[in-house]
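Reviewing the structure listed below.
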C-alpha cells in the first residue's frame, strides 16, 4: 500500500487507548480498555460490535470530542505521527475538519436546524481554507455536487428539515470532505437511513475514499457494511478488541465465538428458507469485568472454566493468531466446527 | 446449551456478571411512581422543599397550641400612639402591629388562612381545568376546538387582571378571593392536560390498544389520562406557590378577605405598608413567610418534575 | 411568512370576540349593572332608569352586545364615572408611562437574564451556577409589591440614591410631546428631563423586571444545557470551528428559541405586575389608574382598561410568534 499524503506509515495509530467515565458518586466504567489499531493511507478499517462495546467512544476519543469533565483518556492517538492525546484545544480544532473529519449516525440531529446547509458547508471552508464570499459558495456548490446532491445551488439556501434523510447524510459527508482530510471516521453513517439509501451512501463513501488516499474508519454493528467496504476488521467487545482479521479471512473463518455468533445472527440469502437464525444469548449487559475473565463468557456457548481468571490465574490476552490475525480467546471456534451457516 | 460448561460454573459466571453491576436493578420492573419516589428521596432539593412545606403545614394545624397569644387581642393597643408602635419586648418576641396585636401569634395563625387559600384555590383551578382538559383531550374534534378557544380567551387576560375582575364581581370575602385565584389557574391546567393527553394518545401503546378494539373510554381513563398526569401534578405543586403570592397581591390591592377574625399573611403585609416608615419589620415578617412557603412549594415542584421526567434537567 | 402572519391574525378574531363578550357579560353581572358603573356609587334609582332608557339597556341583550361591540371597535368604552372623561382618553394619557416602565423592565430582564443564564450553563455546577439557580427560585417567590416597597424604602427613602415616586421630578419643567417622558426629553433635546425620567424608571423597573429576570435566567440556562449536548454542536466541534463560532451560531442561536417564546408570556406578568409596582411608586401609569378604579369602583375604567390591556397582550404574543418564525426556519419554511 503506497503512502499518498507524504508521510510514510499509518495515518492513524491508536495505542493502548483507555477511556474511563467517572461520574460523581458512581463506579467508574471503562468504556474503552486498551485498544490498539492502525489505519494506513487509502485503507478502510472497520470497528465492529454491539452498541455499548466502546467503538463510538473510541472514535470520539480519537477526534478529541469527548467531554472533559468526568472522562479520563490515556494511551496514545497519533495522526500522521503527531500525538493528539494531551494536545491543546486550539491545536485539535485546527486538525478537526481539516486533517481528520467525522460523519455521524443521525444526519437530522447532526445538522443545525436553524442554519442553512450552505452556511454549514461554507463555515468549514472559511475556517480551514480561509475562503469567503462567492468563492466559498461556488466551492460549497461543487462539494454538494460531488457527493451527488442534485440542484446544489438551490440546496445551499435550504434548511436541514427540507432535505431527505439521504440528502442530509450526503450534505454531512460533503462538509467532512471539504478539506480532503487524511482521516475520515464514519460512525454508523447508514444506520438511520432507509435500506436503499444505505447502499448509495456506502458506495459514495467508497468512491470518495478510493484514490484519494484518505484513511477511513468505519464504525458499525452491521456486518453487511463491513463486507461491502472494509479491508481490515476489528471486532470489539466490552471495551476491548477481541478479534482482528482481513475482511475475507474473518468471514471465511471466524475464530472468536462472539464473531461467529455475530455472523450466525445475520440472515443469509443462500441460507434457504428453513435455515434458522441463531441470535447470541443475552445482551451486552450480561458481562463480567475483563479482570475476572473473558467478558463474553456469560453469553458464550463454548466457555470453559479456564475462561475465568479465578481458575486460570491470568487474564485472556489478545495474541497473534496466524497470518495478520489477532485473537483474544482460549477456546476459539475451529474451522472444523463452524456455527450454523457461518461461512460465506 | 453445550455441555462444555457445568451448571455450577454457569451460576458462578452469572453471579459475577450481576455483581459487576452492569445490569441495573430492574429499571423496567419498578413502576414509574415508585422510581420517582426513590429519586425524590435522594434529591436534597426535594427534601428541603418537603421539610419547608411540612413545617408550615404542622404550624398551621397546631396553630392554637403553638401561638403564645390570642392573635386578635389588642393587648398593647394602649402603647400605640401616632407615629409610634412598641417594638419587640417580653412576651412579644416579634412586637405588635398598629392595633397592638401580637405579631408572632398572628403569623402562626396566618399560616392557616394563607395555606387554605392556596390549597383551595389550586384544587379548584385544578379540578375545573382538568375537567376542561379531559373534555378537549378525550373527544377532540369540535369539542376540543370549542374548549381550547375558551381557554385561549381566559389566557388572553393577564393573570392578575383576571383575578381583579373576578374579585370585583364577587365582592370582598374569602371565597371570592379563592375563586378569583382559581380562575387564573384553570386555563393553565386545561392546556397542560390536553397537550399531555394528545401526546400520550399518539404513543404506541394507545395506538395498539385502539387497534385491539379497546373501548375509547377505557383507553382514555385507563391508559392515556393516568400517563398524562405528571405535568399536571408538577404544575399543581408550583401553583400552590403562585396562589399564595397572588392572594397577597389581591389583599394589597384591597380585594382581600375583610374578615379580621382570620389573620392572613397577605393582609398583614398589606396593612403593614401604612406603618412601613415606623416598623418596616411588620412587613418583612409576613413577606418572609410567603417567600419561604412559596420557595418550599417551588422546590418540591421542580424536583417532582425532575423525578417524573428523567430527561428533564434542573 | 406573510401567509403565516395572516393566519395568525385571523386566529385572533374569535379570541377578541370572546374577550369582548366576556367583559360585556362581566359589566352586566355587576351589582347595579352598567348604569351604576357609568354613574358611580351615588346614583339614584331615577338616574339609573333614565340612563337605561337613553343607552338602550332595556333592549334585548344581544342588541346590547352588538352595540357594545360596535362602540368597542371605535375604541369607545364609555366614560369614567369619576372624572367623566372617555375611558380611551384616560388610557392613552397613561399608557405611554406604562410602556416605558414595562420596556425598561423587559430590557433589564433580558439584558441581564440571557447572559446570566448562559454563564450559569457554561459554568455548570460552579458557584455562579448555584447562585443563579437559587436567585431565580427566590425571584419568583417574592411578592412583587413587597420587592417594590423594599427597593423604594432602601434606595429612595433611606439612601436617597434614586427617585421613589412619580415619573418625573416636579422641579423639571419638561415639554411633553408624546407622553413618553424619556422620548420627549430626547426629542426636545431637554437632556436633563430625559435623564430624570429614566432615573424614575430604575426602581420600579427593577421591581417589575425581577420575576421575568428569574424566569429568563432559568430558561436560558436549561436551554443552553440542552443545546450543548445536541448532536449538531458535536458536529460543529468535529468540523474544527473556532469556539466563538460554535457558541454564536450553533449554541446561542438555538438556545434562544425557547427563550423567545417565553418573552411573550412575560408581557402578561409585566402588565399584571405593573398594577402593583405603579401603585407602590405612585407612578401614574395604567396600573396606578387601575388601582384607583378598584378603590373607587370605577367600573367603566376597569372594563375598558382590562379589555385594552388584554388586546395589547394578545398582540404582543402575536409579534413574538412572528419573530419566532424569523428565528426558526422550521416554522417559517414549510
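Cβ atoms here come from the backbone N, Cα and C positions, even for glycine.
Looking at B:80-98, B:175-193, B:194-212, the range annotated in TrEMBL as transmembrane segment turns out to be B:175-193. Feature annotation (TrEMBL): of B:45-67, B:229-251, the stretch labelled transmembrane segment is B:45-67. Using a cut-off of 8 Å between Cβ atoms, the transmembrane segment (B:45-67) and the transmembrane segment (B:175-193) share fewer than three residue pairs, counting only pairs 6 or more apart in sequence.
Long-range contacts of the transmembrane segment (B:115-143) within its own chain (CB-CB distance under 8 A, at least 6 residues past either end) are made by residues 56-57, 60, 150-151, 174, 177-194, 196-198, 201, 216, 220, 224-225, 228, 232, 236, 239-241, 243-244, 247, 264, 293, 297.
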